[in-house]
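In Swiss-Prot this protein carries:
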type	residues	note
TRANSMEM	12-32	transmembrane segment
TRANSMEM	47-67	transmembrane segment
TRANSMEM	72-92	transmembrane segment
TRANSMEM	98-118	transmembrane segment
TRANSMEM	144-164	transmembrane segment
TRANSMEM	220-240	transmembrane segment
TRANSMEM	254-271	transmembrane segment
TRANSMEM	281-301	transmembrane segment
Amino acid sequence: MDWDIIQNLSSNLVFGILLFAMTIYWISLSFFKWTKNLSQVGKISAIVANILLFFILGSRWIVAGYFPLSNLYESLLFLTWTLLTIYLYVEFKTKSKLVGAILIPVALLINGFANLTLSVDMQKSSPLVPALQSNWLMLHVSMMMLSYGTLIMGSLLCILFLVISKYQDIDLQILDESSLPLYNIMLDYYEAKLFSPSDEVSELGKLKLLQSLDNWSYRIIGLGFPFLTIGIIAGGVWANEAWGSYWSWDPKETWALITWIVFATYLHSRITKGWEGKKTAILGGLGFFVIWICYLGVNFLGKGLHSYGWLS
């Protein structure tokens, strides 16, 4: 049995399923009045894609004998799986089709980049070099990828907040309903837009939606930040074990520190300064781009310890 062929076919199937799910979610949002239950099809498709990704990662782990995070291809698959897992949890809690409409396209692009851009050789498992044969590898890289997945999602909600608010300062203290499920808020907003001629009613629904986006972005970023912190610390221990230095100002390390500072500033401004709305959404939105520079951008430089086994 050629596991490489099976894994490749499964990964391509994931791409097709995610493309289908994205189409379903966008149709469901575009024709909200007539397709209220259509998003369930998209959610089921995402669950199937997530199960397939779990199978791919699990089979690579069993066949190769090590945790499948040793190269760029495997990390992209793991990131896709992480994003889908977090999205499914949030959708289960909120019953919101909006979450799927913005997260599925990102997961699709990541999976497409892994399958359509990387060469066949880069997609194959290969024996680990001595520096990577460490238990710290699983902790460091898995924590970093979990942090990327959660922080990307939280950042996307921040960007969505800025788009819906049209980059305006919105007073979110007017309402005291931040704990409302996002699903109910989506219903308020879209039904007001579709059925009510009153601008006052539609603006109330919009305000509720913005309040919920602000609340959920804060929760998700608050979840991802500890993962990032643990990942950086574990990476330092691993580096000292492998190369005799906790920190070498490698480009990846530098950008990981920048990413940590951006999200630490976001959380600090919310917890101690009481910021919310536009100000924190800008910080969170900035974090989205910083994450991608840290994760992929510095790999194209071909410099530093992290360029080995990824993209050089």
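Glycine is no exception: its Cβ is also placed from the backbone N, Cα and C atoms.
When the stretches 47-67, 98-118, 144-164, 254-271, 281-301 are ranked by Cβ pairs under 8 Å to the transmembrane segment (12-32), first place goes to 98-118.
With a threshold of 8 Å between CB atoms, the same-chain residues lying at least 6 positions outside the transmembrane segment (144-164) that come near it are 69, 75, 78-79, 82-83, 85-87, 90, 98, 102-103, 106, 206, 209-210, 213-214, 216-221, 223-225, 227-228, 231-232, 235, 256, 259, 263, 277-278, 280-285, 287-288, 291, 295. Beyond its flanks by at least six residues, the transmembrane segment (220-240) meets 86, 90, 134, 136-137, 139-144, 146-151, 153-155, 157, 246-248, 253, 256-257, 259-260, 263-264, 266-267, 284, 287, 305 of its own chain at Cβ-Cβ distances under 8 Å.
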